[in-house]
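*Asks:* Supplied in C-alpha cells, the structure appears directly below.
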Amino acid sequence: MSLIDTMVIGQTSSLQLAALGPGTVFCDYLCYIFMFLSVATSNMVATSLANKDEELAQHQVSTLLFIALTFGIGMFLFTKIFGVQVLTAFTGSKNHEIISAANTYAQIRGFAWPAVLVGLVAQSASLGMKDAWGPLKALAAASVINGVGDIFLCSVCGYGIAGAAWATMVSQIVAAFMMMQNLNSRGFRAFSFTIPSTRELLQIFEIAAPVFVTMTSKVAFYALLTYSATSMGAITLAGHQVMVNILCMCTVWGEPLSQTAQSFMPEMIYGANRNLMKARMLLKSLVMIGAIAGLTVGTVGTIVPWLFPSLFTNDLLVVQQMHKVLIPYFTALLVTPSVHSLEGTLLAGRDLRYLSQSMGACFSIGTFLLLVMLVSLFPFSV
C-alpha cells in the first residue's frame, strides 16, 4: 500500500515524496516489529490443528487477538502523544516541512493501528489452517480501495499526503474486517477476545521473543538506511523512498514460501503423521522455487525503476539517485525469496535461537558496512 502512496505522491511533490520516508518508517516499519504476533499465531494454530485440537486453536486465536488489540490501542496512543517528537528526532529539527508532512501522514494512519494488528493475527490464523484465499481476497480489496482512494483524494481532490494517508487507513480497516469475517466463515469465533493467563503469555513469549529480536533487527536496519538517506537531503531521501518501497513490494513475493513452510512443516515435524523425509523434500522445493522467483522478481523489479522511473517521479535528480543503487538492489531481490524459505522452515521447526542470533549478526555487519560507506562518502558529516 505504501508503494501506491509513493507512486501517486511522487507525481505531485518531491517534498511530500521525501516525507513519506520517515512517515512510512513510523507506520509500516514499526508494524513489522509486531510480526512476532503473526509468527506466533500461524505456528501455534498450525501445530494445534496438526494435533487435531481445534478447541485449543480457537483459544489461542482468541488470546492472540486480545494481545493484538491491546498493542494496537497502545500504538495508537503512542502515535498521538509522541509522533512529532519521534519524527523530529528521526529527520532532524531543521527539516520542518518534511516533519510536518510526515506527521500528518502518521497521525491519520495511526487510527488504523488496532485494526492492523488484529487483522495481522486473523490473517495468520487463516494461513495456519492452510486457508490462503480469504487473506488474498481481503488484501486485494484493500489494494483496490487504497489505489482508487489515492487517485481520488490526491490527484483529483488535491489533498496530497493527507489524502494518501486517509486512503491507506480506510483500506487497512476494511482488510482487517474481511480477515475477521473469513475466520468466522471457517468456524472460528473471530470476535471473541480472551485475556491470556501468565502461563499462556510465557508460552507465547517463548515463540515470540526470538522473532521479536529478528524483526527488530530488520526494522532497525531499514530505519537506519532511511535515517542515513535523510541526512543526505530531500532528493536522496525521495529516491530512497521510491526504491525501498519497490523493494518491499517485490520481497512480498517471497513471503508465501515462508508461510507455506510455517503452515505445512509443523505437521511433518510434530504432528501425528510425522515425516521428516517429506519435510526435507518440501524445503528443497521451496528453495528451488525461491531461486526462480528471485530471478524473476529481481529482473522485473529492477527493469521498472531503471526504464520506467516516471511511474514514480518526474524529478530527474530523484531518478539519478534511484539509478545509483540498481546493482545491489537487484542482488537483494535475487536472494530474498530463498532466504524466506529457509526462515519459514526455521520458524516452523522453532529453531528460534539460531534465527535471532543470525539476524543479530546480519544487523551488526550491515550497520558496520553502512557506517564505513557513510564515512568514505561524507567524511565531515559522520
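Using N, Cα and C of the backbone, Cβ positions are placed for all residues, glycine too.
Annotations in TrEMBL come from automatic prediction, not curation.
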*Asks:* If you check TrEMBL, which stretch out of 195-216, 327-348 is marked transmembrane segment?
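*Replies:* It is 327-348 that TrEMBL describes as transmembrane segment.
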*Asks:* Which one of these stretches, 63-90, 110-129, 327-348, 360-380, has the most C-beta pairs shorter than 8 Å to the transmembrane segment (29-51)?
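*Replies:* Against the transmembrane segment (29-51), the leading stretch is 110-129.
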